[in-house]
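Encoded as structure tokens, the structure appears first; notes follow it.
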Amino acid sequence: MLKSASAGLDRILTLELVRVTERAAVAAARLRGRGDEKAADQVAVDAMRSELNRLPIKGTVVIGEGERDEAPMLYIGEEVGIGEGPEVDIALDPLEGTTICAKNLPNSLAVIAIAEKGSLLYAPDVYMDKIAVGPGYPAGVIDIDAPAIANLESVAKAKGVKVNEITACILDRPRHARLIEEVRATGAAIRLIGDGDVAGVIHTTDPDETGIDIYIGIGGAPEGVLAAAALRCIGGQMQGRLQLNTDEKVARAAKMGISDPNKVYQMDEMARGDVLFAATGVTDGNLLAGVKFARDYIQTHTIVMRSSSLTVREIKAKHQDLEKF
Ligand code: VTB
Ligand code: MG
Ligand code: MG
């Protein structure tokens, strides 16, 4: 195999990843708006798995569809790739935002991140408290332990605007009732999203385009690791804390090597070293267009990036060999 220009993973893998999320996105997109989350998820999982198994890697899924007994495919611990090549850890969500896809609402994605073996946080499928901003802010601008008002004021000050010119993205869940009240009390705006907090975090990296400055709140831990992997490549800051609020969850986390249940994870503790990340839009979104089915071709829109070079590429592909899909 060719040597990379810089240290870390073989950069050829960057483009290989695009095919993986493209396939999953196209499969899921065929079931957009059908009201059947399970079916859309299943076809995305199948497509992602068969494409992943063609990659020249010795990969292990570390963030996947669940434990082996509840997820027959792309389960945590599943080995993927052709079994030759670099040993890598893989975090994936073949359809992030199954409900969004089923309702054909914005921002569902097919997502994957690859890192050198041992570089991703092996997070159990529990909730994670998260806070994130995009690039350009001084280090320490956000603090997961500070009240929402302090974080919003700090971000506004660093951006040189008033707090009421800041927009926070928050998952629309009853558990966020107090947080939503606190944020609104500052005068800041909220973009409430139904699902899809990987997209929510990524949207903080381009506030001019998305209108979102900061992501706050509790979502899935697997999605937290995926979002951290993305931010490592674009720049930004993120912190996360697993919500290990029962003995059973603490024990599950301990099995995965987590000894301090209250630990705050910085972005680069969730995704270390060289990280590759790709996401393809399934439904239209603020940053990525959804899959387009034209008469003679299928069009996909993918963002693919690599942390060691901080390169962010957008790839719009026209797939004309429709038999393949
Ligand atoms: C979020 C959201 C995901 O899970 O992480 C959420 O971004 C958290 O769980 O799209 P709840 O739905 O239980 O709040 C998803 O909705 C699904 O993966
Ligand atoms: Mg999923
Ligand atoms: Mg998900």
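Positions of Cβ are set from backbone N, Cα and C atoms, glycine also.
It should be emphasised that the depicted structure is a prediction, and the values quoted were computed from it without experimental measurement.
Record check, TrEMBL: substrate site residues include E96, G97, T98, Y127, R173, P174, R175, D195, G196, D197, and the candidate from G77, G81, G211, G220 also listed there is G220. Checking the candidates E209, E223, E248, E269 against TrEMBL: the one annotated together with D93, E96 at the Mn(2+) 2 site is E223. Screening the binding-site residues D93, R173, G196, G220 for a C-beta under 6 A from any atom of ligand 2 leaves D93. Ligand 1 lies under 6 Å from the Cβ of none of the binding-site residues D41, D93, R175.
Here the binding-site residues are R173, R175; the one with the fewest Cβ atoms within 10 Å of its Cβ is R175. Burial estimate for the binding-site residues (D41, D93): highest at D93, by number of other CB atoms within 10 Å. Looking at E223 (Mn(2+) 2 binding site) and R173 (substrate binding site), their Cα atoms lie 16 Å from each other. Cβ proximity to the Mn(2+) 2 site centre (mean Cβ of D93, E96, E223, cutoff 8 Å) flags the following additional same-chain residues: G97, L109, V111, G196, D197, V198, G220, P222, L226.
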